[in-house]
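To keep things clear, I will list the structure first and then write my remarks on it.
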6 protein chains.
Amino acid sequence: MVIPLFFVFTFLVASSQASVQDFCVADLKLPYGPAGYSCKKPSSVTENDFVFSGLGVPGNTSNIISAAVTPAFDAQFPGLNGLGLSLARLDLATGGVIPMHTHPGASEALIVIQGIICAGFIASDNTVYFKTLNKGDAMVFPQGLLHFQINSGKGSALAFVSFSSPNPGLQILDFALFKNDFPTELVSKTTFLDPAVVKKLKGVLGGTN
Amino acid sequence: MVIPLFFVFTFLVASSQASVQDFCVADLKLPYGPAGYSCKKPSSVTENDFVFSGLGVPGNTSNIISAAVTPAFDAQFPGLNGLGLSLARLDLATGGVIPMHTHPGASEALIVIQGIICAGFIASDNTVYFKTLNKGDAMVFPQGLLHFQINSGKGSALAFVSFSSPNPGLQILDFALFKNDFPTELVSKTTFLDPAVVKKLKGVLGGTN
Amino acid sequence: MVIPLFFVFTFLVASSQASVQDFCVADLKLPYGPAGYSCKKPSSVTENDFVFSGLGVPGNTSNIISAAVTPAFDAQFPGLNGLGLSLARLDLATGGVIPMHTHPGASEALIVIQGIICAGFIASDNTVYFKTLNKGDAMVFPQGLLHFQINSGKGSALAFVSFSSPNPGLQILDFALFKNDFPTELVSKTTFLDPAVVKKLKGVLGGTN
Amino acid sequence: MVIPLFFVFTFLVASSQASVQDFCVADLKLPYGPAGYSCKKPSSVTENDFVFSGLGVPGNTSNIISAAVTPAFDAQFPGLNGLGLSLARLDLATGGVIPMHTHPGASEALIVIQGIICAGFIASDNTVYFKTLNKGDAMVFPQGLLHFQINSGKGSALAFVSFSSPNPGLQILDFALFKNDFPTELVSKTTFLDPAVVKKLKGVLGGTN
Amino acid sequence: MVIPLFFVFTFLVASSQASVQDFCVADLKLPYGPAGYSCKKPSSVTENDFVFSGLGVPGNTSNIISAAVTPAFDAQFPGLNGLGLSLARLDLATGGVIPMHTHPGASEALIVIQGIICAGFIASDNTVYFKTLNKGDAMVFPQGLLHFQINSGKGSALAFVSFSSPNPGLQILDFALFKNDFPTELVSKTTFLDPAVVKKLKGVLGGTN
Amino acid sequence: MVIPLFFVFTFLVASSQASVQDFCVADLKLPYGPAGYSCKKPSSVTENDFVFSGLGVPGNTSNIISAAVTPAFDAQFPGLNGLGLSLARLDLATGGVIPMHTHPGASEALIVIQGIICAGFIASDNTVYFKTLNKGDAMVFPQGLLHFQINSGKGSALAFVSFSSPNPGLQILDFALFKNDFPTELVSKTTFLDPAVVKKLKGVLGGTN
């Protein structure tokens, strides 16, 4: 042991007023900007800010798609704010489908925990890359591209996904097109879908106009 | 004049071997990476590398959508490589439509040069923001979100757009879904569209399976 | 149509409290930071936040340079905040000149809409890249370098420019040197210009000292 | 259906030569740079480039720490290159420990799949944040900080982790200090550990000098 | 002189409300976020905000390590906020040591001003790179890796260092492990150090548990 | 000591093929891209790649400005490549001046080592921030703005500067305007300087046209 007992404890003073660099737990009540939420005061941060238990609870798949997505983005898991990544849980009951969607601001990586999942994405040149994934298989979905996950096994399936941003966004194709007041005429003109098809889907999904 | 004639010219030597910082004109034949193309040798760069005349030529709108997009991304305009922005020209004949699409890696700003254009985008919460734009109006489309442009005037329309990346990507919804060999069953399952609708659009757009 | 009518609308809950990722319309009254302005509350955002009509109005060129720049940066066009790009309009009457300037924080791309413009930039190794641009020609000016635009045609000229940042900054060389209280002695020492030349330009441009 | 059969397929031409933006599957044989590996030719990319099965295989925990880390960084999973994230699998047998370490270039998020794990990190101000995590619990470890994971349950434990970089790096404290030829005198001087302690650990870990 | 006296001064209006791009002097009382502190109002910024005199004062080396670090991070030097770099001063009396540490969020470059310093860092593959530096020698320490500096000359030594971030963070290994309430059992389990060694160092450095 | 002698050394295998994350020493012979130079093979990297001795040698100030800049950018100091910072040495003999210049791609921080230096920069709104700096004083110059350094003391002065980029670029105003073949007429038109003044400076600095 080479250190005498009279060691001077405070010879090095790190930036004491605020520890911007280490972490920035989101304070959802303060203003936020393009880089994320404002930071909670370091003095009120505890270990609980860095832990999130919501992903341990299966999502409710008693719905038409027999699937559920449970996000752990910065709004749900404030400790992620500013750290460049986030998580989500995918539950797919038998026959379940996470329909075609994009994350406008992030790439995604998926790991199958249980069951069999057929997952894929479509590239800008319209090539489709899809594969059947088994337990332990991982797949990556590049930023902003349309992608999907389907339970292609017999039982239920579970996967965890991570994103390259604390707030990846989530745009579900059918919801974007049909679950709002976007006029049927414009939807039809911009998607080549017949107005009758559009109106029917709007009816199903709760859209108007 | 305060400088004597015997000024020593070379008192300051900037980094002489390569001017990485100033610019990096793409050499399309060299390997490229996540940040863009490799740089052309500075000694062979000329003013022409920074000029692109392709946007001065109207796109051919003799097609079903009566519209055309002419890109000036880094692959077409190598001088943009690494500089964080790119351009494109939109031509819309009467009734023309740039159908629903996304740019996976960039935000977009549009300026109407001629005619009247109805443009809009759909946010992650399914809110649709759209407006009729006149000559000189600008609109911004945030990164990765579905958006569209429609000629809503009586004559032809022209717009120039810029992107926040030298290679913004372009994923056209109908092409992504129907202009490839993506099996009809999977398209249907992930979009809620009836297989017959999918097959019809695949037929129109040249898709198979 | 494969979706039954009892579809459960809310099976997927996106981050509901704040949509940081999609967009961040600037609230100019809130504190701002290195990444831009704080975001306006999503509930008060409308389509008008994403549209800017100021670029449709010709700038007033009745001045000594016979030219005008109309910016659409984040301070003028709050919808651009955080999206990585901005716009401006250049009006050049006959003989008009946008004098030597830099954008400290962005690259620029220009498209000629009307007239003939001689534009160029100077690289770090003092090489000058300039060219006469016609209608439809585009030119790119790498970040932070001195550049200029001159109306080299017979009538007036119009161009739109875009930047790789929502707040590119604008430092006009003559204004920086002569339109302030920067002491003549220091200007002279650091530019090699004779004090008499400096004082004359200060007089013209409204500078003192 | 609003599209006539004579639809012109090729009205929109995306950047055809290289799809830099969509993805950049690593070609490990080409030169690489600060942003990652060079990209494999798009024409030779298949769905298999985006899938990695190595995380499905339990790591060998028959070692002194009764634990194993299986990385899926860009070098192992080339499809991740340039996409801003990566993955790893942690296996901890009974009593297993992932010893104190840092990832110099990334934040980390962990999800417990099986068992009970005590995990924590140490902040710059020397505060320790640690907690016992159960199945489904997630924890985040901010970039560059010392952290650890311990199997604190009775059976084996399994966790998957994700990183905010395709190549997060991994610096294991004891290996950095003792498993190399770093002279004992320097280790001792810079860590306050007695030379005898250093030499003993070097002996155990295979270090010299 | 080519400018008439009636020059119109205000032909160009830069973004007048806030100069986000030029600089963002930290206002330590406002909320801060992942990108740094909020900006002080431009109207109250003076030249003094961009100048810091604290590095001119030798640090107090009358301590057990005979060394001192004086930081000029954004919290001490608010003018650095958002500008991507910061500074510090290292004083090493005879025999002085800056012990093993990391900067979680920045690379570092050091210049020896006086004396002789042995400096080094340890890479992820456990290779140690170290060298004896003389006056005028510079050395770079890549982001997040363990590194150290030792006065290896006969007199005192002085160095200035710069960082690639306004808030690089500073994690000193011994303080992180022993100067807190981190339970001895956990320290021992995660570092392979004998509990007695841990307790002794905790005693010296003021740690508990 | 808690580790048995039969410790298994290789239980953790970091990414073995290439250590992209730790560092990327520039190989100046390989292609380079927007993010910097390609990396030297890790196996041929030594401690010397991270050390640069060129800043220890005073620059030659026997020139008209009685000053010299010695850069340690990535082209001179390959170990800096990809690490986000670089260095330079400023020597100013009595009366020496580093004339008005910009760094297009980086902010700068200066520390006075010897002598008295008057330094300043000009903001986009034409405000000049300048101050006389003494030994130990530091000053920061925000990215891309015009700035200068003048020896305002009686003896020689020495300063070290750091930049927020491995290749900050350097555009010296007078060289950019007068030390090339940029036609006098264009210089005059874009700077408001009389053609005679331009020609005289071109003569002094070696420019033509």
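Including glycine, each Cβ sits where the backbone N, Cα and C put it.
Unlike curated records, TrEMBL annotations are generated automatically.
Among the features that TrEMBL reports, Mn(2+) binding site is placed at C:H101, C:H103, C:E108, C:H147. For C:H147 (Mn(2+) binding site), the count of additional Cβ atoms within 10 Å of its Cβ stands at 23 [all protein chains shown].
Counting only same-chain residues at least 6 apart in sequence, those with a Cβ under 8 Å from the Cβ of C:H103 (Mn(2+) binding site) are C:F141, C:Q143, C:G144, C:F163, C:S165, C:P168, C:G169, C:L170, C:Q171. Marked as oxalate binding site by TrEMBL: C:H103, C:E108.
Cβ neighbours of C:C24 (disulfide bond) (same chain, under 8 Å, six or more residues apart in sequence): C:G36, C:Y37, C:S38, C:C39, C:K40, C:N81, C:G82, C:L83. Feature annotation from TrEMBL assigns disulfide bond to C:C24-C:C39.
Per TrEMBL, domain 'Cupin type-1' is recorded for C:53-199.
Annotation comment: TrEMBL describes C:1-18 as signal peptide.
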### Query
Using DSSP, would you call C:H103 (Mn(2+) binding site) helix, strand or coil?
coil
#### Entry: Within the domain 'Cupin type-1' (C:53-199), residues counted as helix, strand or coil by DSSP
25 helix, 56 strand, 66 coil
### Query
Where does the mean pLDDT land for the domain 'Cupin type-1' (C:53-199)?
96
### Task
Check each residue in the chain of C:H101 (Mn(2+) binding site) that is at least six apart in sequence and keep those whose C-beta is under 8 Å from its C-beta; list them in sequence order.
C:L146, C:H147, C:F148, C:L170, C:Q171, C:I172, C:L173
### Task
Could you tally the C-beta atoms, other than its own, that fall within 10 angstroms of the C-beta of C:C39 (disulfide bond)?
24
### Query
Using a Cβ-Cβ cut-off below 8 Å, which of the recorded positions C:C24, C:C39, C:H101, C:H103, C:E108, C:H147 are near chain A?
C:C24, C:C39
### Task
Write out the long-range same-chain contacts of C:E108 (Mn(2+) binding site), meaning residues 6 or more apart in sequence whose Cβ is under 8 Å from its Cβ.
C:V140, C:F141, C:H147, C:V161, C:S162, C:F163, C:S164, C:P168
### Query
Which are the residues of the chain, C:H101, C:H103, C:E108, C:H147 excluded, whose CB is within 8 A of where the CB atoms of the Mn(2+) site average out, their centroid?
C:T102, C:F121, C:F141, C:L145, C:L146, C:P168, C:L170
